[in-house]
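Peer 1: I have a structure I would like to understand better, so I am pasting it below and will then ask my questions one at a time.
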């Protein structure tokens, strides 16, 4: 039976998905399941790692069943995942010692402050390309070892394993045979040296994490192992891994230096390919590994915006201003401007390029004339302003002026937002026909490893732009709006939460 399809497992922050692709990169089928978000304390976010696995397995089986595809028709599996989210489990029982600590979760903030006080910031920056922040896995692992009873002793005895979600899923899919991650995920842990491409002893000592917990680190496109035959009575090759944002960069075919994409999801993530050189940021961006493919490692600059789509979800769930997120577009178009209203959605602090953990959300410019339409439009516009903040930092670091921005993620269906994004950047914005670029990137990585696609050229040839948005705003209007945003951000950062 021929290998007809590639299968992507896309394990996201709010749902687990399985997507089937054909040779042209078209979607054959999708199955999705949401899972529980756990909020033990303000600012803390956790997931049940077993529920993540069960939901992922369920959608994997469902997408095959619903599309009448047999396991032996799958050429390979690619895995892409919410990055930084941390699982620690017992290697003998396979049971997690605690809930997974999610990337957004701030519970290791005190550990970060201690590390800064101890003077580790420069070392971390140089070796990992990251900042000391509760966002990254390393401080989450330390928090678990410090707070779960008996965990440190078990870890030191070699009984515990750490993994980001890709590692956890592969461990489960192979029934505990394979403990592995790829360069892109390893580069988000605070424990991996992105220049020497290995776990770094100095960083591990800083975090007091035993090396025996850590997975092997491999390129993003190679054979890692096979699914356990008890799962499907057929062993499917697992051949691609990338963190969700790097996978989207690959899925958008941003293979050349200076090409960039922005993903509009719960958060917003912009990545620019910088080729085989790790560009150190002077403007609050992260230097990260894009992927290891074809025997070489390529790097990216990344700007992480913590709250993007989550601001629209808040309008829906918190304020009950809209019934569904897509309603935001008609409200935004019901007014010509926000009438001077700016929303800075710093619900969990501000990410790139500000990195202010203490900032909280704010709305400025309210008058008696402000309506829900103005508020909703301001929330949408905040996504575009934050993207410009990041792009300006990226252009300054890389010395490259972006010619066009490739976009993907849930919010790109919003034509108002995409046009405003193009206007505020004064840059072409391209929306692809296949919006599932994260899953597509994982499929491409796996497909290259198993020979389903011959080369990156095949991938470039697959790409179809569904719609292009061109700037259509007078420059003085653009600069005036953006100046107002900068003022709002400065004011937001001036207001500190009281503990």
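Yeah, the Cβs are placed from backbone N, Cα and C, and that goes for glycine too.
Positions annotated as ADP binding site by Swiss-Prot, on the basis of sequence analysis: 13, 17, 266, 309, 410, 414. Annotated sn-glycerol 3-phosphate binding site per Swiss-Prot: 13, 83, 84, 135, 244, in sequence order, evidence recorded as sequence analysis. As annotated by Swiss-Prot, ATP binding site applies to 13, 14, 15, 266, 309, 313, 410. Residues or ranges marked as glycerol binding site by Swiss-Prot: 83, 84, 135, 244, 245.
Let's see these features in context: how buried, what's close, how far.
Peer 2: Under 8 Å, Cβ to Cβ, and six or more positions away along its own chain, residue 414 (ADP binding site) finds 326, 328, 329, 380. A coil conformation is recorded for residue 414 (ADP binding site) in the three-state DSSP classification, outside any helix or strand.
Same-chain residues at least 6 positions away in sequence with a Cβ under 8 Å from that of residue 83 (sn-glycerol 3-phosphate binding site) are, in sequence order, 103, 164, 165, 184, 185, 188, 243, 244, 245.
If you take the C-beta of residue 266 (ADP binding site) and look for same-chain residues 6 or more apart in sequence within under 8 angstroms, you find 13, 14, 104, 307, 308, 309, 310, 313.
Residue 84 (sn-glycerol 3-phosphate binding site): 26 other CB atoms within 10 A of its CB, across all protein chains.
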Peer 1: Give me the non-local Cβ neighbours of residue 410 (ADP binding site): same chain, 6+ apart in sequence, Cβ-Cβ under 8 Å, ordered along the sequence.
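Peer 2: When sequence neighbours closer than 6 are ignored, residue 410 (ADP binding site) has 264, 265, 309, 325 within Cβ distance under 8 Å.
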Peer 1: Rounded to a whole angstrom, what is the C-alpha distance between residue 135 (sn-glycerol 3-phosphate binding site) and residue 17 (ADP binding site)?
Peer 2: 23
Peer 1: I need the neighbours of the glycerol site defined by 83, 84, 135, 244, 245. Which other residues of that chain put their C-beta within 8 angstroms of the C-beta centroid, in sequence order?
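Peer 2: Here the nearby residues are 82, 85, 103, 188, 243, 269, 304.
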Peer 1: Quick one: give me the count of other CB atoms within 10 A of the CB of residue 15 (ATP binding site).
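Peer 2: Result for residue 15 (ATP binding site): 14 neighbouring Cβ atoms inside 10 Å.
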Peer 1: Taking DSSP as the reference, which of helix, strand or coil describes residue 84 (sn-glycerol 3-phosphate binding site)?
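Peer 2: DSSP call for residue 84 (sn-glycerol 3-phosphate binding site): coil, neither helix nor strand.
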Peer 1: Quiz question: given the binding-site residues 13, 245, 313, which has the greatest number of C-beta atoms lying within 10 angstroms of its own C-beta?
Peer 2: 245
Peer 1: What does DSSP assign residue 13 (ADP binding site), in three states?
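Peer 2: It is coil.
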